[in-house]
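Engineer: Feature list, courtesy of Swiss-Prot:
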DOMAIN    89-787  domain 'Myosin motor'
MOD_RES   LYS133  N6,N6,N6-trimethyllysine
REGION    623-643  region 'Disordered'
REGION    660-682  region 'Actin-binding'
REGION    766-780  region 'Actin-binding'
REGION    848-1226  region 'Alpha-helical tailpiece (S2)'
REGION    958-1049  region 'Disordered'
REGION    1068-1141  region 'Disordered'
REGION    1170-1195  region 'Disordered'
REGION    1213-1259  region 'Disordered'
REGION    1253-1482  region 'Alpha-helical tailpiece (LMM)'
REGION    1253-1509  region 'Light meromyosin (LMM)'
REGION    1352-1425  region 'Disordered'
REGION    1474-1509  region 'Disordered'
MOD_RES   SER1489  phosphoserine
MOD_RES   SER1494  phosphoserine
MOD_RES   SER1499  phosphoserine
Amino acid sequence: MAAQRRRKGGEVESDYIKYLKYKNTGFQVSASDKTLAWWPTKDADRAFCHVEVTKDDGKNFTVRLENGEEKSQPKNEKNFLGVNPPKFDGVEDMGELGYLNEPAVLHNLKKRYDADLFHTYSGLFLVVVNPYKRLPVYTPEIIDIYRGRQRDKVAPHIFAISDAAYRAMLNTRQNQSMLITGESGAGKTENTKKVIQYLTAIAGRAEGGLLEQQLLEFNPILEAFGNAKTTKNNNSSRFGKFIELQFNAGGQITGANTFIYLLEKSRVTAQGAGERNFHIFYQILSKAMPEELKQKLKLTKPEDYFFLNQNACYTVDDMDDAKEFDHMLKAFDILNINEEERLAIFQTISAILHLGNLPFIDVNSETAGLKDEVELNIAAELLGVSAAGLKAGLLSPRIKAGNEWVTRALNKPKAMASRDALCKALFGRLFLWIVQKINRILSHKDKTALWIGVLDISGFEIFQHNSFEQLCINYTNEKLQQFFNHHMFTLEQQEYEREKIDWTFVDYGMDSQDCIDLIEKKPMGILPLLDEQTVFPDADDTSFTKKLFQTHENHRNFRRPRFDANNFKIVHYAGEVEYQTSAWLEKNRDPLEDDLSNLCKKSSVRFVTGLFDEDLMPSFKAAPAEEEKAAAGGSRNRSTGRGKGGAQFITVAFQYKEQLAHLMSMLSSTAPHFIRCIIPNLGKKPGVVSDQLVLDQLKCNGVLEGIRIARKGWPNRLKYDEFLKRYFLLKPGATPTSPSTKDAVKDLIEHLIAKEPTKVNKDEVRFGVTKIFFRSGQLAAIEELREQAISKMVVSIQAGARAFLARRMYDKMREQTVSAKILQRNIRAWLELKNWAWYQLYVKARPLISQRNFQKEIDDLKKQVKDLEKELAALKDANAKLDKEKQLAEEDADKLEKDLAALKLKILDLEGEKADLEEDNALLQKKVAGLEEELQEETSASNDILEQKRKLEAEKGELKASLEEEERNRKALQEAKTKVESERNELQDKYEDEAAAHDSLKKKEEDLSRELRETKDALADAENISETLRSKLKNTERGADDVRNELDDVTATKLQLEKTKKSLEEELAQTRAQLEEEKSGKEAASSKAKQLGQQLEDARSEVDSLKSKLSAAEKSLKTAKDQNRDLDEQLEDERTVRANVDKQKKALEAKLTELEDQVTALDGQKNAAAAQAKTLKTQVDETKRRLEEAEASAARLEKERKNALDEVAQLTADLDAERDSGAQQRRKLNTRISELQSELENAPKTGGASSEEVKRLEGELERLEEELLTAQEARAAAEKNLDKANLELEELRQEADDAARDNDKLVKDNRKLKADLDEARIQLEEEQDAKSHADSSSRRLLAEIEELKKRVAKETSDKQKAQDQKANYQRENESLKADRDSIERRNRDAERQVRDLRAQLDDALSRLDSEKRAKEKSVEANRELKKVVLDRERQSLESLSKFNSALESDKQILEDEIGDLHEKNKQLQAKIAQLQDEIDGTPSSRGGSTRGASARGASVRAGSARAEE
């Protein structure tokens, strides 16, 4: 099971990466430095193409089109559409694009869509492109991935928006809304279902109860009755809905409530080409409907009904009506819709179908009739009404004229229209009843504390023919776009305020206000005018259109068409739309004959009676905000109705305005989230994108409008550390990290402005508190600079790599050349020896040596063989004993090696564990650092909260003091008024005390003036403080939520650290156990374990520290909660105080007029104080400016110092590299010199060997001449080697020249880069030094070659002085003595030859006699030599016919034994003595024997020389 879970988890992770994460191929170096731009095309498949910008002077730019044509245009945001660098391909949030324009947005969407990624953020938007195929991105495992994750931590997804809304609702305790808009077929309904699926999964009960099933299953019922096939969508929702998902205080889902808008009832009676009626009509006619029920309802097949067979479209691809009907019945069961209600629903649907088949005929031009009444009777029976009454209501309805009812005959078209109105009313009210039923089952208002609303409504519609329905939809989207603009850019500008970015607040929410007023504003808006014309008896569509032209001719959003006088145009935010006013008044009235309405109210079927109950419809008498939430918002073509206050005519326009006002009121009370759905193509093909279609939808959905407004702000932003880490390489000497990232980023931007003023503009950059902000396109320009810098780096790296590969190939070729020359030299030496006359003479003379007493020698040899056999047996015994001992020693060695290997493995394991612990420790340190930063931020946030609390307490105290002071002032003011009057009387009576009284009065008047001013300020401050307290309370609540979230993160980190701690303790215990077992001889491992233990203790101390910080965070959270409660109490007190202040305000305002004259005197003082404050502010600004200049100067000096240090480091590194290069070249030259010396030394050795082998032979003079010739040839070879060395020296010089040329080329290519030029000069100087070193090495080589020449001359003279054979033997003995040490060293290798000697045992027995006489330490070598001599003698005795084969065999044997013979001094001496005895004892054959011995000696020495070579 665990394996299955792991495998399943891996598959889920794979699906997440494959279908939700963009697979970036990494950095790609641009092929060129061309500047590209987007250019509009006339191609139907491509809206834009890439063009090259050939000229750009800042004001105008020139581009080269694909056909080679060049065009110039002024450079502005409209004309110049920049192409983003590859780094921005496939970004998850299009708000991050460097160039924010239409083609850039389209290109990014296409990139992601091609990779099966159809979710993309665009600022606050989530853009969802319909994939037209099933992908595994909505599974329960994917839900678990997004559960509780922040939006920026996971890939874009509808689940991420849903989770963000849910978490925001719980944290802020504010209702949320999710606005899903788009054209039909874009996927609005599917995304709505995914939102419900996600919220039900994360907020429902773990085991999944009935309510969760009901929430998931009520949608199929709405789809059956409200969805239909259209040309764009097989399951198009023909109504808008707002689903209110309800939650309790704990965040558990408790129910749902649905509001509907704009039901397309006209589809019941007529459909467009290739479209169907609502699904329910086909489902009840499918094979899933029981046959007995079909017979009861008189149903047959779709082809038999007029409302279904108008377009002969009865089926839908990939949809089985029978299965969908079964699914709907299952949903009925889950929602507890009983059999009686189901039957009533099916009866109503069947009655509509039968009413559609009524056979109307013309009785005359003014009267219609029925051909037969079969269908009429069936419909009347199903509706529970009389057939006669139904017929009269359809053909001759009654109207009220005064106090009398008058019957009015209808012709065929009007009778059919009356029938259609009845069918639409029946279906519309049936749909309302179903929605109300679902709401009664799902809604639990008594348990509801919060809710999330999901709005599924059509986006902006611009068709070829636009009517009243399109105006209502576009009017809705104007309101929603205004709502979005206000919300989006209020948040955006709050971000600027937090980051202290200079910004003038702009209310973008008013951009659509003119268009909205044109449509809705009373009394002359389009909809009020339509209502006015609707109630006029003589009004028609033409009079309505004329009224529009008269009223709005000069309105900036209203246009008059050039051709059609019955149409008008409105300029919406998404574009200009032309509306046809045909049948607008009729649609606004949506008439239903009173006779038919009353007939249905009196139906015998209770269900039908309930459909026409006025309580089914919402009342519009009161304002929407005052109304209780209606179960449904109405329909697209709402019929007239009666208000509860009496007869009241309600138009569709009025009704819809009220519904929309109610919707906007609900949305305004929520925090909204926006999802925009897009159709990629009209063919419903996966992987295909129609550029113009997508652009039109982006425009209609407000995405491009949002981008337009975003250009006015600072859409691109990065944190300082992120920006520095990515772009530090654009400034020499900059590092990816800095203690002050903001200052480092400022320096980097200043450097870019100075270096690239045409690409980086200081007016396009703003520095915030924690982030750097850019205008649209500025960040893309910086990214281009970065790519250019990386391109140069990559080119340099490639050049270095190619140079390294070329040098390695050159070295390999040179080694191959040297090896080939050595082989050629050895082959030439062998051929020279083979063709040497003396060697040929030796080969021919060898078989002619005189015979000796071989029988005696054979007997002696046999005797020696027996003795040697005994010795061999003894040696075998000794060898066997040694073999046993060796085997035991090998076994012990193997055991020791195994133990050593095991010990090494354990040590490696311990080292690996140490490395793992070190990594864990590093991770812990990083986590601790992150937690410390979070705790610091939390502490600062807590401090801010405390500071706000203190300020609020101070303000509260001041407010209370102000109020108390105000009360005292009021009383004092009344008393002062009385005193002033009494004093005035006293002044009139007592004129003599005028001076003293005047001073007292003046002082009191000043007091009164001050009190008046303070009173006015108190009144203003009271209002300001009230608003401030509210905003601060909200901010405090948000801060508390943030602290709560941070506390959750810290708690999770704590749990993770505890797990890590436990894991470390277990690993430490294991390590200690291993160390105890191998304590002996493993002190190093023990010390490592101690170090790991120390690290664990450090980790524990860090965990304890984190625990203390966590407790501090919990305390701060508790403090924040207490502050929140205090603020609530303060707000309540403030409300009470404000009520008192309002009461006092009215009394004080009466007194203001009396004291205004006294306030005038204080204005002068206020102006003086303001002037003084301005002066102080100027001084402060000057001081700040000087301080900033000083800081900038210090930073500049520090930067120069760093640059100097970097240059010194670079120079040092270059110098070391050149030194290493020179040393390498010197080693190569020394190696070459050694080769030359060995070659020169081999030449004299060969010559010396030749001269010693031909002593006492005839033609000694010719031999000496031959040796001289050989020496001369060796000298020529040495001179040839000297020429080769000179050639190599010339090659080195050529390489130096090539390097100089490369440097010159590098200087030419990079003349603008001073640093590269300096490096090239330094490299050239170093190579010149290397060249001088090479020259000196060459001179030393020439000197050594001269020395070698002298040695050759000296050895040649020595050879010429050699006159007798004795001297030659003595020199040979001296040479052999010099080789004795080498022989002794090689004897130690005899043990390795034991196995070979055993295989050659028979051959060794024949060599024992010869090796015993020699008495050499190397018994094996002497035995081999004797065996060679014995074989040689036996071959001579056997047959002369085998002469050639014997010679070849001897030659091979001699060649094999040359190396060994060269190393055996005593054996050669014995052989020389033996040959001398043979020469002395056999006079008759002395010449032949001597020549044979000399020849064999020459062969031995020649073979030795070749072996050395």
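Each Cβ is built from the backbone N, Cα and C atoms, and glycine gets one as well.
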Engineer: What counts of helix, strand and coil residues does DSSP assign across the region 'Actin-binding' (766-780)?
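Structural biologist: Going through the region 'Actin-binding' (766-780) residue by residue, I get 3 helix, 6 strand, 6 coil.
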Engineer: Take the region 'Actin-binding' (660-682) and count its residues per DSSP category (helix H/G/I, strand E/B, coil), listing them in that order.
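Structural biologist: Counts, helix then strand then coil: 9 helix, 8 strand, 6 coil.
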Engineer: Counting every protein chain present, what is the number of Cβ atoms, excluding its own, within 10 Å of the Cβ of LYS133 (N6,N6,N6-trimethyllysine)?
Structural biologist: 10
Engineer: Which whole-number mean pLDDT does the model give the region 'Light meromyosin (LMM)' (1253-1509)?
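Structural biologist: Mean model confidence (pLDDT) across the region 'Light meromyosin (LMM)' (1253-1509) is 55.
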Engineer: Helix, strand or coil for LYS133 (N6,N6,N6-trimethyllysine)? Use DSSP.
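Structural biologist: In three-state terms, LYS133 (N6,N6,N6-trimethyllysine) counts as coil.
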